[in-house]
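Remarks on the structure that follows.
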Amino acid sequence: MSDLRFLDLVKPFAPFLPEIAAPERKVPFKQKMLWTGVTLLIFLVMSQVPLYGIVSSDSSDPLLWLRMILAANRGTLMELGISPIVTSSMLVQLLVGSQLIEVNMELKSDREMYQLVQKFLAIIIAFGQATAYVLTGMYGRPQDLGAGICLLLILQLAAASLIVLLLDELLQKGYGLGSGISLFIATINCENIFWKAFSPTTYHIANGVQFEGAVINFVYVMFTWDNKAAALYQAFFRSGLTSSQIQLPNLWNFFATLLVFGVVIYLQDFRVEIPIRSQKFRGYRSTFPVKLLYTSNTPIMLQSALTSNLFFASRLLFNRFSSNFLVRFLGVWEQTATSGLSYYLSPPASFQDALIDPIHTLVYVFFTMFACALFSKLWIEVSGASPRDVAKQLKSQQLVMAGHREGSMYKELKRIIPTAAWLSGAVVGALAVASDLLGALGSGTAVLLCTTTIYGYYEQLQKEIKGDQYGLPVTPMMQ
């Protein structure tokens, strides 16, 4: 009862929490496309609208390499990105997984309370993160800004996070396609990859004029340099920062990104086909596929939320208590973490750095793969993709496993699905690590999230167009 009372503590706030009503009937495909486009447009506009009242946003950014993963844009309404939503999801999953909160997903009331707790916690986290950003001087010294501007900045950030929460809920309720969180991440990262590959912006560095876009720069140097071998080497392996501290991408980064795209798409076809038959329609037989990437991009998204919050807290504490032993254990910071736990949990800056500090590399690889595997296992229990949930879905459609009695179907699914979840998380973590070490454009995690999301939308579009009446949620999207 105590666990249920904990959930019930949020009930009094339910009337005050904004909610998108579920559609009364199935939304036509064209309307889903329209709502998805409108949702994306609102997000992109918010990503370009600067915060009102900031003095400066030029201070060092401890979350720079995570911004693509969090769909965040510095100094705009999307400063926090999807961080409050994903952090809330992560915390509630950990509480449920550790049985500090007991939720029976078979009960509709418990499922509704679970969603309510996630939303309530996301709003609290948004206000907390916004307050921390403002009071730590991310936009100028609070003394210079004044109490009124500080409060206005906090309200802007929190309100923007609430809008993102509602946009995601709009799509999740069935008005649009897929998940708002995944859509926002994929869009931001596709934009970033395209820009780094084809940007026409020029920079003057030591060896002359360089284009920011790796492909554009390759064409330019091959036509303008007399030494073609040197031009080819420079196009593939150029490195270094511009005067404005921008890391120029090269063709190796571009092809590494394409390689990651190809590998992820290739792995999408790896699956275990479970034969099923209908009890209602005699002679109907089909298969229920359990994919290798069973939980899709969810594990790496939650792992990124965990590390981003750790890094932000570590940076915040280091700025105030830099001589404290425990604070230094969490992380010693300059522009990025240089030692401590935050350093070892962040990816190596390059493949060369990975070889120079193998302990850092091994800790990062182990943590990423283990955290992703753990989150993957926790996720299936709360997302409707556990063996018991799948067995109920099949039973509700009067489908049973061929060669098995109805009573033994759950046992067989329990043998397959948890293993698939663990393996899915570990593989996704390994892909993210490999992408980082290969030097994919942006970050390995961002490219992985982008690829899995695009493929997920491709599959969903196929189902919508074909009107598949037997489609089951094989790779659950982010709630």
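Going from the start of the chain as shown, residues are counted 1 onward.
Using N, Cα and C of the backbone, Cβ positions are placed for all residues, glycine too.
Pulled from Swiss-Prot, these are the features on record:
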- 1-34: topological domain 'Cytoplasmic' (TOPO_DOM)
- 35-55: transmembrane segment (TRANSMEM)
- 56-76: topological domain 'Lumenal' (TOPO_DOM)
- 77-97: transmembrane segment (TRANSMEM)
- 98-119: topological domain 'Cytoplasmic' (TOPO_DOM)
- 120-140: transmembrane segment (TRANSMEM)
- 141-146: topological domain 'Lumenal' (TOPO_DOM)
- 147-167: transmembrane segment (TRANSMEM)
- 168-245: topological domain 'Cytoplasmic' (TOPO_DOM)
- 246-266: transmembrane segment (TRANSMEM)
- 267-354: topological domain 'Lumenal' (TOPO_DOM)
- 355-375: transmembrane segment (TRANSMEM)
- 376-415: topological domain 'Cytoplasmic' (TOPO_DOM)
- 416-434: transmembrane segment (TRANSMEM)
- 435-440: topological domain 'Lumenal' (TOPO_DOM)
- 441-458: transmembrane segment (TRANSMEM)
- 459-479: topological domain 'Cytoplasmic' (TOPO_DOM)
In contact by Cβ distance (the transmembrane segment (35-55), the transmembrane segment (120-140); 3 or more pairs under 8 Å): yes
Top Cβ-contact partner of the transmembrane segment (416-434) among 77-97, 147-167, 246-266, 355-375, 441-458 (pairs under 8 Å): 355-375
Stretch in 77-97, 147-167, 246-266 most in contact with the transmembrane segment (35-55), if contact is a CB pair under 8 A: 147-167
The topological domain 'Lumenal' (141-146), counted residue by residue under DSSP: helix, strand, coil: 4 helix, 0 strand, 2 coil
Beyond the flanks of the topological domain 'Cytoplasmic' (1-34) by at least 6 residues, Cβ under 8 Å: 100-103, 110, 113-114, 116-117, 119-120, 123, 162, 166, 169-170, 173-177, 464-465
Contact yes or no, the transmembrane segment (441-458) and the transmembrane segment (246-266), 3+ Cβ pairs under 8 Å, gap 6+: yes
Tertiary contacts of the transmembrane segment (77-97), as residues 6+ beyond its ends and Cβ separation under 8 Å: 43, 46-47, 49, 51, 67, 70-71, 103, 114, 117-119, 121-123, 125-126, 129-130, 133, 156-157, 160-161, 164-165, 168, 181, 184-185, 301-302, 304-306, 308-309, 375, 378-379, 381-382, 478-479
Counts of helix, strand and coil residues, the topological domain 'Cytoplasmic' (376-415), according to DSSP: 27 helix, 3 strand, 10 coil
DSSP residue counts for the topological domain 'Lumenal' (435-440), split into helix, strand and coil: 4 helix, 0 strand, 2 coil
Same-chain residues at least 6 beyond the ends of the topological domain 'Lumenal' (435-440) whose Cβ lies under 8 Å from its Cβ atoms: 252-253, 256-257, 259-260, 347-348, 350-351, 354, 361, 447-448
The topological domain 'Cytoplasmic' (1-34): DSSP-derived helix, strand, coil residue counts: 19 helix, 0 strand, 15 coil
